[in-house]
Amino acid sequence: MKHLLSPLDLSVEELDDLLNLADRIVADPKKYSHCCDGKKLATLFYEPSTRTRLSFEAAMLNLGGSVLGFASADSSSASKGESVSDTIRVISCYADICAMRHPKEGAPMVAASKSSIPVINAGDGGHQHPTQTLTDLLTIRSLRGELGNLTIGLCGDLKFGRTVHSLIHSLIRYENVKFVLISPKELRIPDYIREDVLDANNIEYVEVEQLEDVMPKLDILYMTRVQKERFFNESEYLRMKNFYVLNAQKMQLAKPDMYVLHPLPRVNEISVEVDDDPRAAYFRQAQYGVYVRMALIMTLLEVEVN
Amino acid sequence: MKHLLSPLDLSVEELDDLLNLADRIVADPKKYSHCCDGKKLATLFYEPSTRTRLSFEAAMLNLGGSVLGFASADSSSASKGESVSDTIRVISCYADICAMRHPKEGAPMVAASKSSIPVINAGDGGHQHPTQTLTDLLTIRSLRGELGNLTIGLCGDLKFGRTVHSLIHSLIRYENVKFVLISPKELRIPDYIREDVLDANNIEYVEVEQLEDVMPKLDILYMTRVQKERFFNESEYLRMKNFYVLNAQKMQLAKPDMYVLHPLPRVNEISVEVDDDPRAAYFRQAQYGVYVRMALIMTLLEVEVN
Amino acid sequence: MKHLLSPLDLSVEELDDLLNLADRIVADPKKYSHCCDGKKLATLFYEPSTRTRLSFEAAMLNLGGSVLGFASADSSSASKGESVSDTIRVISCYADICAMRHPKEGAPMVAASKSSIPVINAGDGGHQHPTQTLTDLLTIRSLRGELGNLTIGLCGDLKFGRTVHSLIHSLIRYENVKFVLISPKELRIPDYIREDVLDANNIEYVEVEQLEDVMPKLDILYMTRVQKERFFNESEYLRMKNFYVLNAQKMQLAKPDMYVLHPLPRVNEISVEVDDDPRAAYFRQAQYGVYVRMALIMTLLEVEVN
């Protein structure tokens, strides 16, 4: 029995296998349209997340399976005081695999320890969101052809953004990856990433405050949202907020084969004028998210298609 | 790519085609039970509406397709500040067609402009609700054999009732349609319908306050709810409220082949004693609503069955 | 047309047929995986109950059917003032069978009287929850081989627990069933069960306060939750609460072939240390709940598999 709780649960080899399967699905989705016939996915969302939930549901439906579950804790037995351990044991009677989003860190891990079906962590508080990382990796590899030999710009809230941390963790396993960390001082990457991950592995990186300065170097620009309330004071916020808004003007500084990613939803950190730029890849990223989840479900259910 | 945003998006010919397809589905539903196998409908309900949502879901399931979505804005990404334009671009990666209900007028139109899948307006505020109109038209045509040569009574709140306005707009395209507009003064049909639609097209109509007076003339009686809070004063409400309650006594005045429609839900404007009258067609109308949505989904997805 | 509104709607013969069908499903679930292809179950949950709802949904999906519905009254037309009678008439146009949970006693019966599809009562207030009873009966019969010749311990809140009352009603129809009623005085079985059901049918039973005293005699121990707020005073609660917590120590007193059931969710009335005891059957019970609902849906839809 295998679960997916953290992006690093998968070795580089396992990840390659998963992304290769995703590539085969992208190339011929029809071939996989019945491989999970009769299988059921439970979506246990103790915290609403329409995008992630629907991405999982679309993935399972694309494989011929079906879906049951709940979209928020209000309509779950959690309100009756049931533990996650008990819930997963019951859900194991109802479904073949489950995707769990929970506001408490570690809840999917607790569930996995008692589950007789594979558990996918669909986000646990600020902790992990491994299928977002898989989505990011498939998107980058599909657009650039490889996960190594890249200069990756990470822009915005690098302190609290769990997707950014997971992406760094995953990408340092590939050769010749350099990071450009673009953020206000208050939202710089935390020490346990800078020192324990980047420095400890001799990864090349720079930290800057302005996006414009580094645009020409980037192969990938991964944008995230900068929430106003993260800043220490209003004047700092006003001084810097435009540094982190990607617009057509800044895009002119970028390479022709640079791609922009964003985990979505965006608020205003990418101007809508950028949407029509062929390098804007954030909506394609949502599509890759479905394909990588199809590959993940197949892998965890040990379903094979010849 | 075609969407359905307003009832008038369809020409008379397109509407005939749609209703003819619905007729063929009514005659042999099994024949269509796999024509959308592998297709997915997204139901994006930013405002709850069980009846409309389930009617769409039943329609898609009857065609062999599957369904994903959300039933209220609470469990959607709207609460994270995402625009409808962004949401629809992501949903386009998850589904083949979508039905959107939104409290803001025009939201489905904005969505359609950015969507790569067909968007069906499932109700936008007080504005449009085109699949209700299609339901009404299929019901009338099925029960009476044609959409022309009819005297249609519209009863209740003719001022705010969007279904009534859409029905008038649609029916004036057929020959020899006469309207009997039955409402309290405060809730009469607005000028932009009376003058710009009825008068401008030389449509025959009368406006009356009492339902009983006109019952014998009607071929169709379309009932709507009169909400107490719409009246200017309590005494007016008390004086008139019974004018607009359909009961067995009033039904005795009607022709034997007159049919009663209602968009539902009803509260008390039709007595339950009328339910068993063979001319009470409002529950059959709900059934026609499923068939016409099946025809609509097939049409927008360009699915054909020989 | 048949509905399931009360556990006693089924005669002993009909119940035997249903449980026999469930046995055949347990033995070869794949054989039944397409017998409801094209059929739709509506889950109308006016009150949230994830476990029950998902159990019904899993059952229908296992039979090849599909599911639509709502998980709470907020997202239903009930908030617009529609009666259950009207709702079910509309739902009859959308689905082939429905499971209804409602906070008001008798609501499913009202629905059934107007429905053109089978209605399953999935819990109406504190009144009935017949599919829980069917689940309990299938579990007991599967584990013990028969429903007669058993000593059944019922422990906890015997006053308000509807599942306990239904179980007594159902089991007295079998030969040589004895009850051991274990509860605090405040939560003893009500007179209308003790006198009108047990005494009137000459059923053997004892009433005790301590679980430990009677453990060695039991063939089945059916645990329920004792809610603190049910007690008249705090000191009574403190004196007795441990009487009703099942732990490994108490399990040592039980027969090797005694089984523990619980309708779930549990809070703390069964220690987690008991979960690994092979006699702990409450999670298997959840699995039997799916099988018995599969048998019920097939029976009400009159679907047969050779």
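Glycine residues also receive a Cβ, built from the backbone N, Cα and C atoms like all the rest.
Copied over from TrEMBL:
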type	residues	note
DOMAIN	B:2-141	domain 'Aspartate/ornithine carbamoyltransferase carbamoyl-P binding'
BINDING	B:Arg51, B:Thr52, B:Arg101, B:His129, B:Gln132, B:Leu264, B:Pro265	carbamoyl phosphate binding site
BINDING	B:Lys80, B:Arg162, B:Arg225	L-aspartate binding site
DOMAIN	B:149-299	domain 'Aspartate/ornithine carbamoyltransferase Asp/Orn-binding'
If I take the alpha carbons of B:Gln132 (carbamoyl phosphate binding site) and B:Arg162 (L-aspartate binding site), what is the distance between them in whole Å? 10
Secondary structure at B:Leu264 (carbamoyl phosphate binding site), reduced by DSSP to three states: coil
With the fewest other Cβ atoms within 10 Å, the residue among the binding-site residues B:Arg101, B:Arg162 is B:Arg162
Taking only the Cα atoms, work out how far B:Arg162 (L-aspartate binding site) lies from B:His129 (carbamoyl phosphate binding site), in Å, as a whole number. 7
Which has the fewest other Cβ atoms within 10 Å: B:Arg51, B:His129, B:Arg225, the binding-site residues listed? B:Arg225
May I ask for the distance between B:Arg225 (L-aspartate binding site) and B:Pro265 (carbamoyl phosphate binding site), taken between their Cα atoms and rounded to an integer number of Å? 9
Taking the mean position of the Cβ atoms of B:Arg51, B:Thr52, B:Arg101, B:His129, B:Gln132, B:Leu264, B:Pro265 as the carbamoyl phosphate site, which residues outside that list, in the same chain, have a Cβ no more than 8 Å away, listed in sequence order? B:Ser49, B:Ser55, B:Gly123, B:Pro263
Long-range Cβ list for B:Leu264 (carbamoyl phosphate binding site), cut-off under 8 Å, min separation 6+ in sequence, same chain only, gives B:Arg51, B:Tyr282, B:Gln285, B:Ala286
Go through the binding-site residues B:Gln132, B:Arg162, B:Arg225 for me and flag any whose C-beta is under 8 angstroms from a C-beta on chain C. none
With DSSP assignments reduced to helix, strand and coil, which class does B:Arg101 (carbamoyl phosphate binding site) get? strand
DSSP on the domain 'Aspartate/ornithine carbamoyltransferase carbamoyl-P binding' (B:2-141): how many residues come out helix, how many strand, how many coil? 74 helix, 25 strand, 41 coil
Here are the binding-site residues: B:Thr52, B:Gln132, B:Pro265. Which has the lowest count of other Cβ atoms within 10 Å? B:Pro265
Record lists B:Arg51, B:Thr52, B:Arg101, B:His129, B:Gln132, B:Leu264, B:Pro265 as binding carbamoyl phosphate; longest Cα-Cα distance in Å? 17
